[in-house]
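J.: Heads up, here are the entries from TrEMBL:
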- A:1-10: compositional bias 'Basic and acidic residues' (COMPBIAS)
- A:283-292: compositional bias 'Basic and acidic residues' (COMPBIAS)
- A:31-113: domain '2Fe-2S ferredoxin-type' (DOMAIN)
- A:113-152: domain '4Fe-4S His(Cys)3-ligated-type' (DOMAIN)
- A:175-208: domain '4Fe-4S ferredoxin-type' (DOMAIN)
- A:219-248: domain '4Fe-4S ferredoxin-type' (DOMAIN)
- A:1-28: region 'Disordered' (REGION)
- A:260-308: region 'Disordered' (REGION)
Amino acid sequence: MSSEFARDDVPPLTEAIQPGTATDPTVGSTDAATLTVDGHEVTLEAGATLLDAVTAVDTNEDVPALCSYDREDNIGPRSECRTCMVKTDEHGLVPSCSFPAEDGLNVRTDAVAATEARDVNLDLVLSNHNLRCTTCGKNGRCELQDAAIANDVAEPRYGVLDNRGAYEPIDDSSSFIQIDRNKCILCNRCVEACNDVQVEGVLRLEGNGQDTRIGFQNDAETMADSTCVSCGHCVTVCPTGSLVETGIVDAATLPVPGFTQKNSIGRSIEPSDENTELMTPMKQDDWSEKDGQTSTEAATESESEDWP
Amino acid sequence: MAEHILSESVVLRIAESTPEQEVLKAVASATSIPVVKVGTTGYPVLEPLVLLTKNGQTAFYTSCSPEEAAEIATTLDNGNLRIEDADAIVEHPPERPYLPVPDLWPLQTGARTVLRRCGWLRPTHPEDYRISGGFETVDSDTDTVMSAAHSVTGRGWGDAMTNTPVGTSWNRSIDADGDPAVVVNAHGSPGDRLLLESVPFLPLEGALAAAQAVDASDIIVYLSEADEQALECVTATVENLPTTDTMVHVVTGPDEYRAAEPTMALEAIEGSQRLEARLRPPTPDIEGVYSRPTLIHTPRTLAQIVHAASGASPTRIVTVRGDVQHEATIEIPEDGSLATARTAVTVDGVFKGACVGGQFGGLTPDLDIAPTPNALDAADLGTEGIISILNEDRCLVAHVGEQSRFARDENCGRCVPCREGTVQLTKLLREVYDGSFRPDDIEELLRVMQSSSMCAFGRDATRPVATGLDHFEDEFVAHADGRCPTGTCTTEPQHEVPQ
């Protein structure tokens, strides 16, 4: 790829960060707006999306909006799961989480096409999700589980990810954070928490199609070989049991004899040696090679000045 | 050599698309009269094509070997036109600015408006283009250009205004905050490649006019890194453009189908290593490349704008491929019929149907349809400008299955209806081979992919299956019964489908 159309005003600290995701435009309305959702009138400030309107009223149908995250401005909307589709007279079906709240819109959550789109898309998410809730540490506090229950999903129309040959091993190589990609819904919250909030530049989205997955910007295969500092922000934003703190991976599993979180998947990557430092070994190397050494030299110089 | 090619009273033009240029080399060493390389006419079946022009007469010699071409040149050097060997002769005024079209198949097929300079002018010589009436739009007033933009709809899925009047987009860019930019998206389409290789000044003139209309300071020509000839040609052309206030850049992206999608084009231009679609709204004409208001048009769209500004009627550039002996790129008037495109090729075998609209085109047994967005949309066909001819040996169940699998493997991976929907769609189609044909389930999935995918990739990926079910449902039923009517699919049950 060649590019001679570059810009030179990239903000500091972020120029080396490559999250692998698109640079979305600024979503949300440009002005305050009054609109109706299922007949209820709502008035919203500038910057609002249709999902803000939907959550402000008692809608006729449940809108899961599974991948959306409303607790931090720097995260989302990713608008990937499309379980937030609503119908508008003016624009047809739109994803409410990323569509601006335009003045005068007539929004319906109960239009047949909108309900069908949300249901089918939720089932499509489930089709690629390992649904072994009983051995999952997030059982009972999982946003996907909540959405499935709220939508009365009894039997997902496309089944669930239940092919042991297709499972990715659980990455248990880090002392602090475990990754089970078989439960990942690719909402991208963790990547944004890592890059846009913590500015750590560890996680990224990689691959395309069925191979799309959460990976590491230093091309590492395991969490232990990544440059993770174990801040844990990714764990706090993960909607499912995909990113869990190592100590509580079994916290919410049901006591079914013979079944554990690990043998439900079958394979896992274990830590190669005892590593109880907060930083991964890669981050420690990174630290001592660059900043560590430089700061030691600087300290020696200042020491000789301060202490004649 | 004179300043422009039209003032030469005797000249030999060579059109050949092979990079070796063997005919050109053979002719140039055999004669002292001017020999020039021109762009392809859009008909590889005629090439290498030698055009011999003398005293208002042009002789056409098609499919010339280097030896034959050298002989023609030597005879001409002795003062004679070898008329008896020519495949066609046409008389014309001495300084005719466009290719004189003889009664020669398939050149006489369709209408040549946008493509009229192809095969006649040296592609990268600005004086050739200027003397043929080029660059007039650059000097036109903004109202003329704007009204042309309102009359032209975007061509191809790489255009941010596919099937929609582009003037609307220009107005949004004018009203938006920031310094606008214009992207010429030439990624992946054969019609756009033809324009860049044979008449590159035309789309660039359109881009300059657009840049002036919206007051853009940058034009970025974006194409696939695999299109080396077009890249070479457009790079040379950019250096010979008339000087304006606009900077013109040339940027390449990866040779992937999805890289032509307008917002993925922006990602590639910004240097992203992994391409995925961006959210809309706001549309790129409000917030595009590096957050600047950005027009994204294909070369075909920009060429149409130039012609509309001069009062010409709109046309469609259509490439015909598939089960044909030679691919052909033909121009047809918008009030014409796609059936004309079929007459520009020789079908291999017996015509069964066609996939209209490129990779994710729609299937139809009948090509007698106007090439307009409305007519094509009514038939659920695509406007991509690519028709794949399918002969009677083609199994359409296998055909749509392959397109579904392509969608599954090549999508960007961002949104669920496309990423997971194409996986389930491919499974549902594989299950037909196991005797389970569930048209209602397939159609439900198609509806949701169509209505909720983030970009045109996922929306269009539904079209081959939807039209396949519309027109050829009996073939699906036959496969579910264990029979492939064309005998191309194995009758053994397939067991690869994971449950």
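For all residues, glycine too, the Cβ spot is worked out from N, Cα and C.
How buried are these features, and what lies next to them?
T.: With DSSP classes pooled into helix, strand and coil, the tally for the domain '2Fe-2S ferredoxin-type' (A:31-113) is 9 helix, 23 strand, 51 coil.
The average pLDDT computed for the domain '4Fe-4S His(Cys)3-ligated-type' (A:113-152) is 95.
With DSSP states grouped into helix (H, G, I), strand (E, B) and coil, the domain '4Fe-4S ferredoxin-type' (A:219-248) comes out at 8 helix, 3 strand, 19 coil.
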J.: So what's near the domain '4Fe-4S ferredoxin-type' (A:219-248) in sequence-distant terms, Cβ-Cβ under 8 Å and 6+ beyond its ends?
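T.: For the domain '4Fe-4S ferredoxin-type' (A:219-248), the far contacts come to 66-67, 69, 72, 75, 129, 136-139, 142-144, 171-185, 187, 189-190, 192-194, 197-198, 200-203, 269, 271-272, 275, 278-283, 286.
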J.: Run through the domain '4Fe-4S ferredoxin-type' (A:175-208) and tell me, per DSSP, how many residues are helix, strand and coil.
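T.: Here the numbers are 12 helix, 7 strand, 15 coil.
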